[in-house]
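Enquirer: Got a structure here, written out as structure tokens. Questions coming.
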Amino acid sequence: LQGIFVLGLPYALLHSGYSGLFLIISSAALCCYTGKILIACLYEENEDGQLIRVRDTYEDIANACCNMLSPKLGGIVVNVTQVMELIMTCILYLVVSGNLLSHSFPHIPVTEKAWSVIAFVTLLPCVFIKTLKIVSKLSQLCSLVHFIIILVVMTYCLTQTHQWSWAKFRLSIEFEDFLVSVGVIIFSYTSQIFLPTLEGNMKNPGEFKCMLNWTHFFACVLKTTFALTAFLTWGKETKEVITDNLPSFLQTVVNLCLLAKALLSYPLPFFAATEIICACISRGNRSSYRSPLFSLGVRGSFLLLTLLMAMFIPHFALLMGLTGSVTGAAMTFLLPSIFHLKLKWKKLSFLEKCADISGFVLGFLCSLAGIVCSIRGLLEVFG
């Protein structure tokens, strides 16, 4: 919930004004809700009225909903969507790593792509990751680095309080700029892909809702505080990545911290994607899935694929925006809402049905707006 997207929130406020603050808060509530209803779809009541976990993955939920059309159709759609988004996320971290290294050491005659290869080499041990426990340790380190970055930026901002002025906020907004802000804010909260696995690995799954409430609450408070203090400091001079606004002596330190964060963030989407791929490939032959050599081959191939795509796909950022607009909104809003309505319709109250339908409509509009903006950007690039 505290990814690199957070660094773009002050820029989102520049284009959305007061409505951006409302979006940061409302997005936290909505993403928390869709996370809960997604996990609710894993459970069914038995004869005694007790909730029993009858499904394990996002794929199982999709198959249950599309069973009338085809027993496997829903799972195929969800798996393809998940893997696409996870691949794009992994590639993003490699691209960002190369960019940060080139900016941190501008005097070294190495191209940005060559820096990406160097970052790739440091990620080779990922092929040996077998359990979520290892990923969780790396994620803890990632969180620590993230808070160091936030602390540095906010400390500097607090030394500039004499420049703050609420007059910097915009009352009127341009529609296209507002759509960009919506994308940055909403997708800074997305975590639905990982939730079924996370809930299934909890020592006490009964605490899942409480955990989701508190994590989204603290994420909302931190993001609002961070975005507000940074925007009040730089106003119209706010850049797309807020660390670019820092003085040069702080930029290098923060860029190196961002590099560490990007590299430590890579294992989570990498692990999730390779687990899905291994499960799909070996479905007809479970013994091959248990083979260490098979798993190692899948992880190694996936790792190499992300490097090749990061190196050779032109205008990757725009293509990622196009894909993310479809997959991100679908996995976060569209599919959880549809699945919840399909599986729990008879047990839902009127307000719950309205909330699910609202989530579906919002997800559709976000996807549509993101697709239009991304295609326009691609058309401009290709002339």
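Even glycines carry a Cβ here, placed using N, Cα and C.
As annotated in TrEMBL:
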DOMAIN    2-375  domain 'Amino acid transporter transmembrane'
TRANSMEM  20-43  transmembrane segment
TRANSMEM  76-94  transmembrane segment
TRANSMEM  114-132  transmembrane segment
TRANSMEM  144-166  transmembrane segment
TRANSMEM  178-198  transmembrane segment
TRANSMEM  210-233  transmembrane segment
TRANSMEM  253-281  transmembrane segment
TRANSMEM  293-313  transmembrane segment
TRANSMEM  319-339  transmembrane segment
TRANSMEM  360-379  transmembrane segment
Enquirer: Cβ under 8 Å, sequence separation of at least 6 from the ends of the transmembrane segment (210-233): give me the contacting residues as numbers and ranges.
Expert: 1-2, 6, 9-10, 12-14, 20-21, 24-25, 28-29, 31-32, 35-36, 150, 153-154, 156-158, 160, 163-166, 168-169, 188-189, 202, 242, 245
Enquirer: Most CB pairs under 8 Å with the transmembrane segment (114-132): which of 20-43, 144-166, 253-281, 293-313, 360-379?
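Expert: Comparing 20-43, 144-166, 253-281, 293-313, 360-379 against the transmembrane segment (114-132), the winner is 293-313.
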Enquirer: Before we move on, state whether the transmembrane segment (144-166) and the transmembrane segment (253-281) share at least 3 Cβ pairs under 8 Å, counting only pairs 6 or more apart in sequence.
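Expert: Contact between the transmembrane segment (253-281) and the transmembrane segment (144-166): present, because at least 3 Cβ pairs are under 8 Å.
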Enquirer: Verify whether three or more Cβ pairs under 8 angstroms connect the transmembrane segment (76-94) with the transmembrane segment (293-313), leaving out any pair fewer than 6 apart in sequence.
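Expert: When sequence-distant Cβ pairs are counted, the transmembrane segment (76-94) touches the transmembrane segment (293-313), since at least 3 lie under 8 Å.
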Enquirer: Return the stretch with the most CB pairs under 8 A relative to the transmembrane segment (20-43), choosing among 76-94, 178-198, 253-281, 360-379.
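Expert: Stretch with the highest Cβ contact count: 178-198.
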